[in-house]
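Here is the structure we will look at, set down as structure tokens.
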Amino acid sequence: LRLHLALLAALLTVAGAAAAAQPPFRGFYYLLDCGAAASTTDSRGLEWLPDGGYVTGGEPHQLPDQGLLDPALATRRDFPHEPGKKFCYELPVDRNRRYLLRPTFFYGASSPPPPVFDLIVDGTFWTAVNTTDDVLAGSASYYEAVFGASGRNMSFCLGVNPDYTSAGPFINALQVIQLHDSVYNATNFTASAMGLIARTKFGSTDDVERYPNDTFNRYWQPFPDSKHAVSSTHNVTSADFWNLPPPGVFNTALVAEQDAPLVLQWPPIPLQNDSYYVALYFADTVSESSRTFNVYINDYSFYEGLTVTSAGLSVFATQWNLSGLTRVILAPVSGLPPLINAGEVFGLFPLGGYTFPRDARALEAIKRSLQNIPDDWNGDPCMPHGYAWTGVTCDKGQIPRVISLNFSSMGLSGYLSSDIARLTALTDISFANNSLSGPIPNLSNLRNLTRLHLQDNKLNGTVPQTLGIITSLRELFLQNNELDGAVPLNLLLNQGLTYQFLPGNNFFPRPPR
């Protein structure tokens, strides 16, 4: 599911009482100004932090001053065009909580067009980013999704897809905000994620609005209609609403004419045939009054006999099938004419899976034992398919296993971690032509290992006798290290093994070449 919304750079303004203080966010939250060297403060008084502490790759880039109102658009981080690599932000989170992710992209004036690339969260492909049309309009683009956290870290990644363009990905800003337990809580986030299609304030003629009392800093798009729009000054207490909409979204509405239905084409774009999360918000604009009406979506009953008062309410469906252009119809039953204040639509898409957990933990331990590692060794090691870590090969199983490590000639230093032996599906290992030191660990758990290439390093100590009990081993190259002692007989007498221990090393007695 590929989704995006355009946001004019000059319209990143604040709704109504935007100068008021922002209440504290719940739990973990991140406002990252990508490519910035120092913290910045926006027009709402929110502090945006430099992103350098959360990402290992990319280069900062300062955009020329174009009168942008949002300081987070003044810089961006550019990543190299290296097909098959993903460059990830690693963010500590609370396990089993859900998070709103909102990256923003503004390439600035450019020729040729800006790059197209993938967004990936943990092991799941989210969407492709294409900001070409927005750049031509002088606009920024933001994408938004809600993901559940399965561990103590969440990775947000930009993937270099060779089928798109020949330039590397970029990003200007990233917001990751922990949601309250009541927000979008009817979705099963262990199986799915949600990508925003539309979040709309009906009857509004303002720019994109954000509210200082919205803990989650959501953006609400206007939906003007001079024929049906009304405004309200009474306050709606929305703290008891599921999804916690900010009270400000209830101060405008679209109202049907007397004895007539209200028909809206919303969302304003055609949709793929799929399941969607739909939430609609209502509050009577007249105090101490009520109205009852039926809600239909594409002529199917969404809610019968909905009675709306000035206290307000919301109705939602977690898996509602939509296809093409969508019509929302509010048909009167009794009382005043139907109205609607706000709505949200999200597309649902399945999670992509994860590397076998023991393999992922082992690779993280191996990563800690090495220096000068590639800058894409973040995020899920195997997923999504086509985006494995550099040098790592995984099988295509539903829960992928690591089957090969090819880290030869990568300029690595450090030592060989004993955690390699936890990668029990390995068939091939090569750390050849690096600067590794220390001993060779016990690898006898690797019952499927066929090739072990450790030549041209600075390894020391003795050759483990346990290598000789790996019956699947067919190639063993250890030359040009600083090993000593005797080569185990169970290796020298293995007629099915091709080995090379010399030149280099200090074996005694010297083994045959």
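The backbone N, Cα and C atoms fix where each Cβ goes, glycine too.
Positions annotated as domain 'Malectin-like' by TrEMBL: 32-346. Per TrEMBL, the feature domain 'Leucine-rich repeat-containing N-terminal plant-type' maps to 358-395. Marked as signal peptide by TrEMBL: 1-20.
Residues 55-58, 82, 84-88, 90, 118, 120, 122-125, 155, 157, 159, 352, 401-407, 410-417, 419-420, 422-423, 425, 428, 436 of the same chain, all 6+ positions outside the domain 'Leucine-rich repeat-containing N-terminal plant-type' (358-395), place their C-beta atoms under 8 angstroms from a C-beta of that stretch. Broken down by DSSP into helix, strand and coil, the domain 'Leucine-rich repeat-containing N-terminal plant-type' (358-395) contains 11 helix, 5 strand, 22 coil. In the predicted structure, the domain 'Leucine-rich repeat-containing N-terminal plant-type' (358-395) carries a mean pLDDT of 96.
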